[in-house]
Amino acid sequence: MDPSDNETCEYHEQLLLDWKMAFVGVLGLLTALFSIINNCLLYYTFVTSRTLKKRRLTYLKWISLCDVFVSLSYIAIMCVQVYVDYFHSLFLFYMWHTYLVIAYTISHITFSSSSYLLMAATIERYLQTTANTRSTALFHCLRSHRAFVVMFCFLAGFILRGTVFFEIEVQTTSACSGFASMWAAPTSLTSSPLFDKIWKFWFRKVLTVLLPFVVLAYFNVAIVMNVRKSDRDQIVKTLILYVTVGPRGDSSRLSSRLRTVTRMLVIVVCTYLFSNLIDVCIAIMENLDWETLENYPRIYTVASDISSFLPILACAIRPVIYATNDHIIAREIRRSFARLCGCSRHARDLPELLAVHDSPSEKLSMEPRFGMGRLIMARAALEDPKRSFISVSSVLL
């Protein structure tokens, strides 16, 4: 409802309500619930697993917590709003307006904080894959102060996005009843040209939407280039280790965990870039050519719904990416799930069973026993494109 039309007491439903019910009310709800369950389990695993604590996956832990709040906010704001119009529920209507401002603020803060945490993890991984003294020193500095980096990411998200709490308010009128008696409207703060143009776009929009997108795209490609370069040097490292320490000096074993985490992070960043591409385009159009969007309200509505859904989809598949790329994370998630389901005895026995299959003696028996065999396998791994780390084309999905 338009607050300037209080006397008419008319309530205008959302455009394309059937589309919204199918896409947001059903598909969006299921995806958000899947994301909440997965990320709650993942966060619980990061907190309780002593194995994962030793690996110091700090950024991934806090990103999973942010994903929970982002998904909850999507249900509370987007899904419930559709249900209000589709089912004509006054109860949901009043409830939605009660928590709207708080839920809207939380969703903005947690989403921006998650973007900054992903930026921090990507920059740290880039420094780790860059072979020079300066990058190594900076990497060790960031790694030893991860707690402060996490605090800074949340503080930046709170400062840049927390102001949305003062930008929207719920207004009421006694002249109307039912759905026309209450509506959400921008506050007088947003009418200031200085606040609207300088703060909302040049500071907040650029720093929370455009900057993370550009930074993550650049460093993601740089990481892939660094890893591909290190792959070309892998055979030299294998030969040196064989000459110096013998057949057990397998350099691929030394860097396998780094490669796993790096590959996992690259895929996560790719999903972030893909899920936020439409949002970046809409943000640019809203500030440069708003009249065009107003002339095509249906296209703008569909694009806005898709741009809101894709980040939730990214939140939902992030735990799946972790589990499919890192068998240790997958194992710890299974243990956590077994504990939560009451299968404590199986959870205790699981590490012993896995230890039998993953024992070093068994691994050594499956590998070539002689250094020349290792050298041949290393060369084959470098020359076989199917076994390479990741191609540059996969970054541009």
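Positions of Cβ are set from backbone N, Cα and C atoms, glycine also.
Annotated features, as they stand in TrEMBL:
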- 38-322: domain 'G-protein coupled receptors family 1 profile' (DOMAIN)
- 21-47: transmembrane segment (TRANSMEM)
- 59-84: transmembrane segment (TRANSMEM)
- 96-118: transmembrane segment (TRANSMEM)
- 147-166: transmembrane segment (TRANSMEM)
- 206-227: transmembrane segment (TRANSMEM)
- 264-286: transmembrane segment (TRANSMEM)
- 306-325: transmembrane segment (TRANSMEM)
Top partner of the transmembrane segment (306-325) among 21-47, 59-84, 96-118 - counted as Cβ pairs under 8 Å: 21-47
Sequence-remote partners of the transmembrane segment (206-227) [C-beta within less than 8 Å, at least six residues beyond its ends]: 112, 115-116, 118-119, 122-123, 125-126, 129-131, 156-157, 160-161, 259, 262, 265-266, 269-270, 272-273, 276-277, 279-280, 283, 389-392, 395
Tertiary contacts of the transmembrane segment (59-84) (same chain, 6+ residues out, Cβ under 8 Å): 14, 17, 20-21, 24-25, 28-29, 32-33, 35-36, 39-40, 42-43, 46-47, 92-93, 95-96, 99-100, 103-104, 106-107, 110-111, 113-114, 117-118, 120-121, 124, 146, 150, 153-154, 305, 308, 311-312, 315-316, 318-319, 322
Distal contacts, the transmembrane segment (96-118) - CB-CB under 8 A, six or more residues away: 59, 62-63, 66-67, 69-70, 73-74, 76-77, 80-81, 84, 150, 152-154, 156-158, 160-162, 164-165, 168-170, 182-184, 208, 212, 216, 268-269, 272, 311
Model confidence over the domain 'G-protein coupled receptors family 1 profile' (38-322) (mean pLDDT, whole number): 86
